[in-house]
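Student: So TrEMBL has the following annotated:
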BINDING   H207, E285  Fe(2+) binding site
Amino acid sequence: MRLIVLMQCLVSLFLAKKVTMTTPAYLLANFGGPRHAKDLQEFLISLLTDRDVTGTFLPRVLHRHLFTFIAKKRVPKVLPQYQSLQNWSPIYFDTETLAKTLSEILRAPVIPFHRYLPSTHEKTLLALRTLHTRHVIGIPLFPHFTYSVTGSIVRFFMKHVPEIPISWIPQFGSDSKFVSLITCHIRDFLQKLGILEKECCFLFSVHGLPVRYISQGDPYSKQCYESFSAITTNFKQSENFLCFQSKFGPGKWLSPSTAQLCQNIDTDKPNVIVVPFGFISDHLETLYEIERDYLPLLRSRGYRALRIPAIYSSPLWVSTLVDIVKENSTVVAEELIKSGKKHTGIR
């Protein structure tokens, strides 16, 4: 009898170990944001010296010196903007909290990553290395793929942990579950304020991108339009526009810009509502740029101007993301970025 019990225990341990080793771990990747004043310069330097972001072909040393100088010059301008937010950028804390919640639901390790907070990178890399041979699924918290953001994240891990097999969920902006989530999020917002859809003009705002990136093969704008089209099929009584915000630097960017649309829009709808559907968490682009720049501009033109919070605040967000993770196919890193070298300084 004891022998049978012992054998059963050994089998149970073997199966548990097998399940543990075959169950994937997850890498929850986000942009990162300054948690306090000491993070700001580090954040800006890391962001602007990333050649995937700036797309320059300057020699590496020259590029780093030039954009480090630009980043440091921007600190005094950007610092008051972050200080005006109640808790600086919430994106870091949102990502950390989400990683813990997903880990409990998926019953697997979920490792958070903050791309432009270099002081946090070693912790992420160490956590990945302790997984040994376990397969990792990367979850970029960006509905739409661009080589400048998701591509940069993928290349980061190819460089620093090439021995770890990571496959990625490249985008989910047109996933029916995401579309349903955004639809419910908008309708809940309107219901709480007693606003009718037919009284609304929606500005669906995503982050902008230089046009030259698109002409060189970046799928970002195509995915944004597909996502916008899928969502707005559920809003036939409102007036709907897709627009692009947060332009930085010279050159032509995707249009119409959110700023231009707010300046020039002519609608008979009394409510103009900005929907930042390309942003998972609220941060500087939503809490400052939309709130402090765009909404006052619309109000000065006589509209009732409102911003819908990012979908992180939706009670349906976590369950939707879990479904997306479980049901979407993944792409290996090499396949995901192989055609994205044209507009970056990476070779």
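Just so it is clear, glycine is given a Cβ too, placed from its N, Cα and C backbone atoms.
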Student: Please give me the CB contact count at 10 A for E285 (Fe(2+) binding site), counting all chains in the structure.
Tutor: 21
Student: Quick check: in three-state DSSP terms, what is H207 (Fe(2+) binding site)?
Tutor: strand
Student: List the same-chain residues at least 6 positions away in sequence whose Cβ sits under 8 Å from the Cβ of H207 (Fe(2+) binding site), in sequence order, or say none.
Tutor: F244, Q245, S246, G278, F279, E285
